[in-house]
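What TrEMBL says about this protein:
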type	residues	note
DOMAIN	B:126-500	domain 'Myotubularin phosphatase'
BINDING	B:N275, B:I276, B:C338, B:S339, B:D340, B:G341, B:W342, B:D343, B:R344	substrate binding site
ACT_SITE	B:C338	active site, phosphocysteine intermediate
REGION	B:559-607	region 'Disordered'
COMPBIAS	B:594-607	compositional bias 'Basic and acidic residues'
Amino acid sequence: MLRSSQPLMGPNRKRCREDEVLLGTVLDEGERGFIIDTRSAQAAKQARMTGGGTEPKSSYPQWRRLHRPLERGRPLQESFIKLVEACNDPLINMDRWLSRLESCRWLSHVKAALSTACLAAQCMDREEASVLVHGAEGTDTTLLVTALAQVILDPSCRTLAGFQGLLEREWIEAGHPFHLRCARSAYSHARLKQEAPLFLLFLDCVWQLSRQFPFSLEFGERLLLTLFDNAYASAYGTFLCNNVKERRVGQEESTHSLWAWLNQPGEKKKYLNPLYSHNALVIWPSVEPQSIQLWQGLFFRWIRSSQYLDEAWAEIQRLVEGN
Amino acid sequence: FHTLFMLQVENVKLLDRYTNRKAANGTLYLTATHLIYVDASAEVRKETWILHHHIATVEKLPLTTAGYPLLIHCKNFHVAHFVIGQERDCHEVYTSLLKLSQPVKPEELYAFSYNPKMSKENREIGWKLIDLKVDYQRMGIPNNYWEITDVNKDYEVCNTYPPEIVVPRAANKAVVVGSSRFRSRGRIPVLSYLYKGNNAAICRCSQPLSGFSARCLEDEQMLQAIREANPGSPFMYVVDTRPKLNAMANRAAGKGYENEDNYDNIRFKFIGIENIHVMRNSLQKLLEVCEMKSPSMSDFLTGLENSGWLRHIKAVMDAGVFLAKAVKDEKASVLVHCSDGWDRTAQVCSLASLLLDPFYRTFKGFMVLIEKEWIAMGHKFSHRCGHLDGDPKEVSPVFTQFVECVWQLMQQFPCTFEFNERFLLEIHDHVYSCQFGNFLGTCHKEREDLKICEKTHSLWPFLLQKKQELRNPLYRGFTAYKELQPNTLPFSFQFWCGMYNRFDKGMHPKQCVLDHLLSCMSQKMKLEDNASELENKLPFLDGPLPSEACSLSKVGRAASKTPMLNTPQDYEGEPPPVLSNGTSAGDIDVTSDVDQKYKENLSHHRDLHDLNDAIDVLDSEAKDGKPQHH
């Protein structure tokens, strides 16, 4: 699985031999690859006007292009804000709750993200084909797809250590601009242009996987909530800045690593899933609407007590450890 | 098979939302009680059983290239889509199912022919398992204020009430009889639940025949007696569970609701729960949403909201919560009614009892609750569940809603019920299956006339036998939780996939936590048994016991393996496996033949995976209802 940003085709349909050779070397003679473009065909075409574009079939003959538009940027942030508003509305009427949930479209985005990640995974697992994922910049929906696909495909990404490694690789080092994307969150009136909850969307999708495959992730909801918190405001340097280059300037000397803290034996056990049992298989989620739920542990975290659910998890722990 | 088949048809396909037209060919059998579909094409034989009594509708769909489709909708929300090769066969199955699924006389119901190998004594003991008098005793009744009266022993007061009812001691026979003339169908106020903590009571009845201005001294005395049976409160609530408009409309027909001016110290309240027709339509719309093929998130949420289903569930829950609060916090007694006091009233009273009293959250207690508030108090199961060919307007998912409210509570309070979701689903199945006599007919008198206790079996011992599968592994015991105060904000009500999309296996979580935890529990019990067995042996022996010690550690090893059982370990060691669950990763923009190819792989492997899975997959009706040859 490869990721990149969009090819700079431009209105004049520029070609780049080196890029074509690079992608050519990935595939053997006669092999086929898939390009998953996270923009709609329309948007990808329009991108040419501003210097971007897509890979034309003629120049990349072994690659088949698939478009799976995923929401990003302002619209995604609006979706997030609307959802949080609906969840917090004390006067929310039963007659309107579901339509408000529907109109914010957050769950549609979850479904689309999972579907696209599954598509990438299918290409690799079923078709045994290589996959190139990109959107426009390669820093948002691209990472969402590649990271999620790995959780689906690779059991080692589902371990606590492996998941941390995945985050380092596919989000932090890959250059997701955390500083810009996770600036003020849903309550702020600032409405910053560069703010968008892609990372939260990723965590939500991982939560959906944990619900559908309760034995297959070594970590539990608590880890996901902690990651969400730290992406926005953190005592640690792990999610600071926008990319490796910016971070290099003093990160290791001046800050502490979130992973170092999480992995201490005393801390670590709080994040483990008591039901975890290594699953060597690919985990294929259902993306039917009935299978996708609103992540109550996050969106109602401060609204409704988790006491009874916590007691249930304590019982589960007790039962599982009893043996 | 040892059973006689009435009909056997070859070349039948069973489609589901995941298979394409390349489904395998199987054989359809009709027996006196079931439809059985057998797919012997794969290595492992797969059977689908449908009880005729569970069939709600059978439709012939337009001819397709694959054959003649027959669509069966069941009362437990199973939807079976068959495609039959020959038109004649299809028509024969169709007409047979229409007849078999709509019995006319009660004697035709399955309960009268169901014959498990059981002695007469055991069958009778089964009927005596639940004794409502014991529950009243548990509440402290009879006491100074309340008594169990036999004034209705010949159904003279009310022919839809049981022979023994609980009324205030202060209400003499004249009051009881007088009040019965002022209540719709003679359904006088009687006790449902007494909260021992403070003497507040939940009572139930039907609407008064007050019209615009009629009064009845005895009825007013009856309410006074109820109120005075709770000296701790100066007033009592009278709750009408209908929407105000409906209740007012009833006045024009000479019925209506209590006028606060005529009854001393009552506080009257409407809690609008819609009527049986609204609920029937709501469920219909919900099921249409559930049947949508590959809906978008928007389609689903919009459809769910338009059905109004969760809104109605919330309305029932809100009413139950109100009753529980009134009793516990305000220490006030509550008298509840709707129109006839056998639908909404039953829902609300049983829910309130569940919220207040942990006993009803145990196996035994829940059975008592249903026997008391639903069966004894005359909920018209036969009409509401369409047991016989009758008025379709009488059919309504009233009991279903109650069961769902219990499930909603289970989601909020996972450790508080002794039983699990499967227990609820089994009860729900059997309310419609008519395999047991508990839910036949419409009231106690009718069941007596039908001689249910002599001719049929009770559901409860049957379920208790399966307790190990139906228990909640997270149950923290009787004393862990007292009263429940559920959150009733809209987001707290979840869509119950396990009920309304129960047979769409792909939609449910792929790994079953329940089975794993139940298995942990039984392993633990085995270990404890082994350990105590060994402990008992120790005093008698000299020195170490190498052989016993080995067997203990063997058990230990087995136990550590069990956590693996519920993950798809079946494929371990094999090359890249197929997990037969798939995405409906279909997209509108560009069709990918990757998607199509995947779906083909899916249908090929699905059955194999399904069969390796636990209890969930195999149609549970099959296991219960296998009839004896007769």
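Even glycines carry a Cβ here, placed using N, Cα and C.
Just so you know, TrEMBL annotations never went through curation; they're auto-generated.
Remember, predicted model here, so these are calculated numbers, not experimental data.
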B:R344 (substrate binding site) falls, by DSSP collapsed to helix, strand or coil, into helix
Compute the mean position of the Cβ atoms of B:N275, B:I276, B:C338, B:S339, B:D340, B:G341, B:W342, B:D343, B:R344, which form the recorded substrate site, and then list in sequence order the other residues of that chain whose Cβ is within 8 Å of it. B:S206, B:T241, B:R242, B:T345, B:V398
State, in Å as a whole number, the widest CA to CA span among the substrate-binding residues B:N275, B:I276, B:C338, B:S339, B:D340, B:G341, B:W342, B:D343, B:R344 given in the record. 12
Is it possible to get the count of other C-beta atoms within 10 angstroms of the C-beta of B:D340 (substrate binding site)? 20
Cβ proximity for B:R344 (substrate binding site), under 8 A, sequence spacing 6+, ordered by residue number, returns B:T241, B:R242, B:I273, B:V316, B:A319, B:C338, B:V398
B:N275 (substrate binding site) CB neighbourhood, other CB atoms within 10 A: 15
